[in-house]
Amino acid sequence: MNALVATNRNFRLAARLLGLDSKLEKSLLIPFREIKVECTIPKDDGTLASYVGFRVQHDNARGPMKGGIRYHPEVDPDEVNALAQLMTWKTAVANIPYGGAKGGIGCNPGDLSISELERLTRVFTQKIHDLIGVHTDVPAPDMGTNAQTMAWILDEYSKFHGYSPAVVTGKPIDLGGSLGRDAATGRGVLFATEALLNEYGKSIAGQRFVVQGFGNVGSWAAQLISEQGGKVIAVSDITGAIKNSKGIDVPNLLKHVRENRGVKGFCGADSIDPNSILLEDCDILIPAALGGVINRDNAKDIKAKFIIEAANHPTDPEADEILTKKGVVILPDIYANSGGVTVSYFEWVQNIQGFMWDEGKVNAELKTYMTRGFKDVKEMCNTHNCDLRMGAFTLGVNRVARATVLRGWEA
């Protein structure tokens, strides 16, 4: 099932539980604006190349729209729409004053030189600069983009509007980026896991973890979990998968990954079939890679008691039902991986104030937001007698619906 169908399904179930009227339900689903622009640049060899850039701005009832910009060859409009909508609910669950957006450029960043990427980013910014802004729509990095991409957007935008560091987040520290932003999503996963386990009288220490995906989120989550005494027994990335049932030495693995660009060949663990990583015997499974990896074909064989969704949309609705019947507790993505957007909000706040925080304050505030977020989700679960995913969706949809009605926007 594709991401848009699944997201719409969850939204409709939440709207039904909340008893929203059909007009309001419909207006909450329709994106505020969809932008599509042609970006033509001279390549290094002098030839011209054209790319399609886009931005879906989903909702701004609770504040400026917020969401990543990705550079990827297969940019599917449905997926971007789904991710923009998910950002609307995610920012509402986190209780930060934003709406949702998503965008990017259909290109393969690996095939472009640094100077070509810079030209492409600047042309894209020229085309959308009057549609984004500090109080309108605040982009951030996503797949295929990074802090440098944000620096180029900031510079190009500032040519039109004056120096505006708060127009993007995920910037380099030297240009107003926030300390703690790099680890934020992974650290949020740690705090979310702690809050969930606390509910069951457990702690991270001594639990066995499997982490699928060892990019920014997976590697930080693994590192922080092992520092808290959790036992990371299996890890995978695009190069392969490894396992050590006594526990992987995460600091050594991080060193190996830096030197060899992947987990493959790490001598402190045995190599296993990457397809079996989700089925390993463990207490807590953290999918931190792509969407749709847990589906009806493999759900029945998953042995974990808890699943923490660090990736966006890793579990298909069919798998959801199978796992719930088995008694597996799933902490949904729109809460579990909201640490990144929460610290993006802190970065934006620091830029607007012109006053930067130290890393301790960033991490302490993040813990406060994640802990309070879990409490709010649980309250909705109790009110509507539903699982954590529906608890999070009803919480997010309800906050956006209330803001929409209060502003007099309902159809």
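The backbone N, Cα and C atoms fix where each Cβ goes, and this holds for glycine too.
Listed in TrEMBL for this protein:
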- K66, K90, S344: substrate binding site (BINDING)
- K102: active site, proton donor (ACT_SITE)
- D142: site 'Important for catalysis' (SITE)
- T185, N216: NAD(+) binding site (BINDING)
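Features per TrEMBL, on structure.
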residue : record                         : Cβ neighbours (10 Å)
K66     : substrate binding site         : 29
K90     : substrate binding site         : 28
K102    : active site, proton donor      : 28
D142    : site 'Important for catalysis' : 20
T185    : NAD(+) binding site            : 24
N216    : NAD(+) binding site            : 17
S344    : substrate binding site         : 28
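Note: the Cα of K102 (active site, proton donor) and the Cα of K66 (substrate binding site) are spaced 7 Å from each other. D142 (site 'Important for catalysis') sits 11 Å from N216 (NAD(+) binding site), counting Cα to Cα. A gap of 13 Å separates the Cα atoms of K90 (substrate binding site) and T185 (NAD(+) binding site). N216 (NAD(+) binding site) sits 15 Å from S344 (substrate binding site), taking the CA atoms of both as reference points. Take K66, K90, S344, the residues named in the record as contacts for substrate: the widest Cα to Cα gap among them comes to 13 Å. The two recorded residues T185 (NAD(+) binding site) and K66 (substrate binding site) have their Cα atoms spaced 15 Å from each other. Excluding K66, K90, S344, which define the substrate site, the same chain contributes G67, M87, T91, A94, I96, Y98, G100, A140, S338, G340, V341, T342, Y345 within 8 Å (Cβ to the Cβ centroid), listed in sequence order.
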